[in-house]
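Here is the structure we will look at, set down as structure tokens.
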Amino acid sequence: MKTSSFESASSSGGSGGGGGGGGGEGSGSFNLRNLSKLILPPLGVPAGGHAQSGHAGPNDRRVISPLDSRYRCWDTFMVVLVAYSAWVYPFEVAFMNASPKGGLEVADIVVDLFFAVDIVLTFFVAYIDSRTQLLVRDRRRIATRYLSTFFIMDVASTIPFQGLAYIVTGEVRESPAFSLLGILRLWRLRKVKQFFTRLEKDIRFNYFWIRCARLIAVTLFLVHCAGCLYYLIADRYPHREKTWIGAVIPDFQEASLWIRYTSSVYWSITTMTTVGYGDMHAQNTVEMIFNIFYMLFNLGLTAYLIGNMTNLVVEGTRRTMEFRNSIRAASNFVGRNHLPPRLKQQILAYMCLKFRAESLNQQQLMDQLPKSICKGICEYLFLPVVKDVYLFKGVSREVLLLMVTKMKPEYIPPKEDVIVQNEAPDDVYIVVSGEVEVIYSDGEAEERVVATLGTRGVFGEVSALSDRPQSFTLRTRTLCQLLRLRQAALKEAMQSKPEDSVVIIKNFLKHQIEMHDMKVEDLLGEDAAGEYDHGNIPCNLLTVAATGNSSFLEDLLKVGMDPDVGDSKGRTALHIAASKGYEDCVLVLLKQACNVNIKDAQGNTALWNAIAARHHKIFNILYHFARVSSPHHAAGDLLCLAARRGDLDTLRELLKHGLAVDSEDRDGATALRVALAEGHADVARLLVLNGASVDRAASHNEQQAAAAVSVDELRELMKTRELAHPVTIVVDSPSPAAAAVIREVGSSGDSRNGRRQSARSDGAHWPRVSIYRGHPFVRNRSSEAGKLINLPGTMEEFRIIIEEKLKVDARKTLIMNDEGAEIDSIDVIRDNDKLFIVTEEHMTAVASMDSVSGS
């Protein structure tokens, strides 16, 4: 704990306390005893700099700090002497005619000598300026202040006037004047008041008992003074038998001192407490007048005592009264709204628990303390529990401290739902004490307890780490103390140290595998969990990719896990995500530069898995990256693989995506050539019908083709296929998230392992269109084939391509869609559009056809 600021503050008040004592604060120690001695420096002023007022001189060392421990002892001793002096003065005046004898006389002289020493000592005691709250140590200012305030009264209360009279006259005189001058001794009672005020602020003592002691001392002193004064009236009255005490004790002056004093105090107490037994009462007018004023004074004193005691008692029961009022209000609320008994019990149980927990003042206290102290408290209270939780085993102390400082302790009553099934909680809970039931319900059957969490159990981590709703209801079985940690705080702590984040995630995955009493589907989902048994679930990206949980997958990749790790079958996370249609997971993996060309044990790439499972959007995204990394062989590799396997369905899907049917693979073979070599006649026919070049393939496969389908048959098939056969493209436009990933990855250049290469400058999807020569209304009568091209970025580039492909003057042509609408902007053309290039001849032909049909 940092105590430098406290030490400097206390040392400013205690250092330099030589002469009268410089211990205590000057030692630089800090404890509860020194806490009440702190002097706060002004705002913006260093504690050791200007916390003192005045200029230090050569005599500054003899100035005593009022906060010095030795001076405090002296001051306490003076309080004892003041109490003695205040008690003995009324007694001597009333019962000894102000002329003490024997031991009392000697004691009075000794006490007066001590008070004289205190007067001299006060000239060397620094003081705290009431305006600036600074310690003034300048002796000149100290002397000036004392002489102008308390000096005269202190001297007057110390002078032995009767002794001076004896020295001057040589006679011992008993005069009322000496008794009146003796009243000045009561001036010293201010020290007692200051003493009790200081004790009330000292946290080492109980405020209630200090306050009670103060009230009792005030009451007893007033009883003593009133009794002495009442006896003095009776003793000085000329007709002593007509006094309050003379009526009871006729010759009271001859009675012992103890009987007389006891009788006086007895009368004073019975009168003050308004009991008034009547055995001792006023017998003359003077006593009656005194009683009148005494009883009026008692009214005020009684009100003062009752008010103080009431405040002390009520303050102690205030919380209980507020609690009872809140319970009454809650009961009325339940009754008005006809809530069921179960809810009523939960409400009342929560309020009772809250009342009991408030006595600890945990959070309220923590909010008042500085961060360093809070950290120490949390470390002492929570760290021993948190470090043993399975989720945080092996995590560094630094990250653990970061988390425990953000944990909030809570008390939850029994039978309270902390997390409801299918809810996505925002917090992670750690069980410190009590038991929590894990309950499953399918909505129709009764609830079933599948597990019980005890001390150091944790729940809510599934939602925090995998962003999945909680598959179970977590309900307290007994009174539970829980530590609540916000998900945001957990993720912030994990991001602060990536290696600890890996440890937490591995602990989480390992624990989920070992939980035989829980369903694996809670983590993987029903489909993914079916692929693994409970004892053989890989704790890596493959498991998370199978869940489709892109957020958790991204967390794993950010902490450094390899995106290209494979299972026993060679499948990577991209293979699994692509085959299951998890587009978000695919995008996350692509952002982390995974290799799209990795093949599994069966020779399948993620691109093949996507098209085989008919996930066209994912195929479109992956094909973009495959074509970037292998621009000349991406299409050929896929078509040849489908042809080699004789997979007609997949081949049709590939052709629907507009892949060039004569594309070559890495070995220079086309799909038709592979189909002929493998003897897949149906595949060969499909390829020919979709525009494959027979002559190009036949030159390499004359012998193989004879076994399956003849080249002549294929050439004959070419004649029967539809001329200008258009390709029907089913590629959807990329989603905004996919387009963002394409732009991000495409603009980042080379990545790790050299797998990612630059894409198009605009980073967008490659739209392709079919262009035909002729008017769309008469296109079916044309015998000229169309062309499938990549759409350029501008209309000027588009017209240049038209001139090259269709051999027409593009400046004198119109571009129309299949509905006959003219297109004059490249921005309105979409992927898979069919465009028609219309010349003047085509327009004339259409006009002539309209005139003939009209006639």
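Note that Cβ sites are derived from N, Cα and C of the backbone, with glycine treated the same way.
Per Swiss-Prot, the features are:
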{"type": "BINDING", "residues": "391-511", "note": "nucleoside 3',5'-cyclic phosphate binding site"}
{"type": "COMPBIAS", "residues": "1-12", "note": "compositional bias 'Low complexity'"}
{"type": "COMPBIAS", "residues": "13-24", "note": "compositional bias 'Gly residues'"}
{"type": "DOMAIN", "residues": "768-855", "note": "domain 'KHA'"}
{"type": "INTRAMEM", "residues": "263-282", "note": "intramembrane segment"}
{"type": "REGION", "residues": "1-24", "note": "region 'Disordered'"}
{"type": "REGION", "residues": "744-765", "note": "region 'Disordered'"}
{"type": "REPEAT", "residues": "536-565", "note": "repeat 'ANK 1'"}
{"type": "REPEAT", "residues": "569-598", "note": "repeat 'ANK 2'"}
{"type": "REPEAT", "residues": "602-631", "note": "repeat 'ANK 3'"}
{"type": "REPEAT", "residues": "634-663", "note": "repeat 'ANK 4'"}
{"type": "REPEAT", "residues": "667-696", "note": "repeat 'ANK 5'"}
{"type": "TOPO_DOM", "residues": "1-75", "note": "topological domain 'Cytoplasmic'"}
{"type": "TOPO_DOM", "residues": "97-105", "note": "topological domain 'Extracellular'"}
{"type": "TOPO_DOM", "residues": "127-149", "note": "topological domain 'Cytoplasmic'"}
{"type": "TOPO_DOM", "residues": "171-179", "note": "topological domain 'Extracellular'"}
{"type": "TOPO_DOM", "residues": "201-214", "note": "topological domain 'Cytoplasmic'"}
{"type": "TOPO_DOM", "residues": "236-262", "note": "topological domain 'Extracellular'"}
{"type": "TOPO_DOM", "residues": "307-855", "note": "topological domain 'Cytoplasmic'"}
In three-state DSSP terms, the structure that Gln487 (nucleoside 3',5'-cyclic phosphate binding site) belongs to:
helix
In DSSP terms, helix, strand or coil for Leu391 (nucleoside 3',5'-cyclic phosphate binding site)?
helix
Treating G and I as helix alongside H, and B as strand alongside E, what does DSSP give for the repeat 'ANK 3' (602-631) in helix, strand and coil?
21 helix, 0 strand, 9 coil
Near Ser471 (nucleoside 3',5'-cyclic phosphate binding site), how many other Cβ atoms are within 10 Å of its Cβ?
16
Taking the binding-site residues one at a time (Leu391, Met407, Ile439, Val503), which has its Cβ surrounded by the most other Cβ atoms within 10 Å?
Met407
Residues with Cβ closer than 8 Å to the Cβ of Gln487 (nucleoside 3',5'-cyclic phosphate binding site), same chain and 6+ apart in sequence?
Pro425, Asp426, Asp427, Val428, Ser463, Ala464
Return one of helix, strand or coil for Val503 (nucleoside 3',5'-cyclic phosphate binding site), based on DSSP.
helix
Going by DSSP assignments with H, G and I as helix and E and B as strand, what are the residue counts for the domain 'KHA' (768-855)?
36 helix, 19 strand, 33 coil
For the topological domain 'Extracellular' (236-262), find every same-chain residue at least 6 residues outside the stretch whose CB is under 8 Å from a CB in it, and list them.
91, 95, 227, 230, 279-284, 286-287
Just to confirm: which same-chain residues, 6+ apart in sequence, have a Cβ under 8 Å from the Cβ of Glu423 (nucleoside 3',5'-cyclic phosphate binding site)?
Pro469, Gln470
With every protein chain in view, what's the tally of Cβ atoms within 10 Å of the Cβ of Thr455 (nucleoside 3',5'-cyclic phosphate binding site), excluding that atom itself?
15
What is the pLDDT of the topological domain 'Cytoplasmic' (201-214) when averaged and given as a whole number?
85
